[in-house]
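Undergrad: When I checked Swiss-Prot for this same protein, it listed these features:
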type	residues	note
ACT_SITE	69	active site, proton acceptor
SITE	12	site 'Important for substrate specificity'
SITE	70	site 'Important for substrate specificity'
SITE	154	site 'Important for substrate specificity'
């Protein structure tokens, strides 16, 4: 098996990949993550996942590289990482009582053969109708400023969620494991 590399700085994606009990390393790709003008959210996520994998391939030309990215959308509006407290307040205020689709893009790039498999796995979350006090309390406790849509379902964020719908709950955290297992199998990597 070629070296397996996760092209991500996310500790949550690292934890998810570790569940598969495969040896892997982590590299943080340094790319511009800005959406392009008029770009559909799922295309933004897919483009960034692929760009991250290709960036890491520049340094590791014999590796099997996993790239991923996530973009949240509310009625077509892209909700990226808030980065600041004020932006997170704005996002959660906008999202309260509404449904948000998280587009989790995944690619597996074989740097040696230059074969790339890619997909976007959507996951829908309906948020509770939170008060301003609840939003502030959540943000003070969780500080999800590096998470698309200002929510971390793997932590206290589950308390601000009313319902979830999708094929793979791991997609909400940012790494669709069910689809990843299929992609790895097509590269000769069996998880079990």
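Yeah, the Cβs are placed from backbone N, Cα and C, and that goes for glycine too.
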Undergrad: Would you mind checking how many other C-beta atoms are within 10 angstroms of the C-beta on residue 70 (site 'Important for substrate specificity')?
TA: 30
Undergrad: How far is it from residue 69 (active site, proton acceptor) to residue 12 (site 'Important for substrate specificity'), counting Cα to Cα, in Å?
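TA: With the alpha carbons as reference points, the distance is 12 Å.
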Undergrad: Quick check on the recorded positions 69, 154: which one has the highest count of other Cβ atoms within 10 Å of its Cβ?
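TA: Result of the Cβ crowding comparison: 69.
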Undergrad: If you measure residue 70 (site 'Important for substrate specificity') to residue 154 (site 'Important for substrate specificity') at Cα, how many Å is it?
TA: 15
Undergrad: Please report the number of other Cβ atoms within 10 Å of the Cβ of residue 12 (site 'Important for substrate specificity').
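TA: Taking all protein chains shown, residue 12 (site 'Important for substrate specificity') has 18 Cβ neighbours within 10 Å.
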Undergrad: Can you tell me the three-state DSSP label for residue 12 (site 'Important for substrate specificity')?
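TA: Note: residue 12 (site 'Important for substrate specificity') is helical by DSSP.
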